Amino acid sequence: MSISYGSFPGTRPRRLRTTPAMRRMVAETRLHPAELILPAFIREGVTEPVPLQSMPGVVQHTRDTLRKAAAEAVAAGLGGIMLFGVPEESKKDAVGTPGTDPDGILQVAIRDVRAEVGDDLVIMSDLCLDEHTDHGHCGVLDAEGRIDNDATLERYAEMARAQADAGVHTVGPSGMMDGQVGVVREALDGAGHQDISILAYTAKYASAFYGPFREAVGSSLKGDRKTYQQDPANARESLRELELDLAEGADMVMVKPALPYLDILRQIADAVDVPVAAYQISGEYAMVEAAAANGWIDRDRAIMETLTSVRRAGAGMILTYWATEVAQRLNRGEQPGG
């Protein structure tokens, strides 16, 4: 019988799927704890962690529980932690004063975590006004209630200096204001913080999947953010944003959300030689947890599959609320598939 080795029956791809060991050996994509970053919320004025109804398993931390979470992240081998501060409502105002106050909750959290873990974990901070303003937008509003891009940049510069002074390693300007990366870089360098890196939120889309996050940061947003976040229908403008961010001094770039934008992630990863991150956001987390709670999907497999897909699409780093859990599973020898 003549056998063709370019097609069946000579070629049988299933040979490389025969056992867990074989599948592990030929796997093209692997996860590692150092590639995972834990987003963490700290809420001012609470003595016990506050569970988030829309994100089962996630809490708004107290100062003490945040320090513990950071220590657990180090023990699990995580790459970093991204901090979000939730000020008391009475302290929020139109310009987000808690975001630049040295004693604001985010700056306090940075100092706490730095004291707890030092340089054993990359401490990142969200550089945006939405958690700190009484209107919930990511910037300063003008007299007509519209975002004033350039006035907002001045506040971002102040935030960058405040976070750097508190001891952060990396700032993440996430407000999607034009020129934000350059202004933040200039502010950091001018204050003697040349070694603080910038994780640019390069492709951040106006997504429905942010819903649970609004609860997590206590946002009072009315309206939407479509005038500054990107349209989900567009892809090419992400490459334009990428070019601008790199020209302004971004050290790393990010796509947010992750799963609905894997095509964007792949395009950006193929276009640059800087580290690329993706943020598996609150809605992505909530969908899996809700479906699993109803018995509709296998939770543990779904977590690994979604993270693997993000990694496979080109992310070298992934922000995920499952970071510590997944790192612990990886440390026990678990990998996707197998």
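Indices start at 1 and increase along the chain as displayed.
Cβ atoms here come from the backbone N, Cα and C positions, even for glycine.
Per TrEMBL, these features apply:
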type     : residues   : note
ACT_SITE : K204       : active site, schiff-base intermediate with substrate
ACT_SITE : K256       : active site, schiff-base intermediate with substrate
BINDING  : R214, R225 : 5-aminolevulinate 1 binding site
BINDING  : E241       : Mg(2+) binding site
BINDING  : S282, Y321 : 5-aminolevulinate 2 binding site
Report summary line: Same-chain residues at least 6 positions away from K204 (active site, schiff-base intermediate with substrate) with a Cβ under 8 Å from its Cβ, in sequence order, are S174, M176, Q229, Q230, M254, V255, K256
Query raised in the report: Using DSSP and three states only, what is Y321 (5-aminolevulinate 2 binding site)?
Result: coil
**Report entry** Cα separation, the residue listed as 'Mg(2+) binding site' to S282 (5-aminolevulinate 2 binding site) (Å, whole number)
**Finding:** 23
**Report entry** Cα-Cα distance linking E241 (Mg(2+) binding site) and Y321 (5-aminolevulinate 2 binding site), given in Å to the nearest integer
**Finding:** 26
Requested in this report: With H, G and I counted as helix, E and B as strand and the rest as coil, say where DSSP puts K204 (active site, schiff-base intermediate with substrate).
Outcome: strand
Report summary line: Simplified DSSP label at K256 (active site, schiff-base intermediate with substrate) comes out strand
Report task. Using DSSP reduced to three states, classify the residue listed as 'Mg(2+) binding site' as helix, strand or coil. Result -> helix
Query raised in the report: What is the number of other Cβ atoms found within 10 Å of the Cβ of E241 (Mg(2+) binding site)?
Result: 21
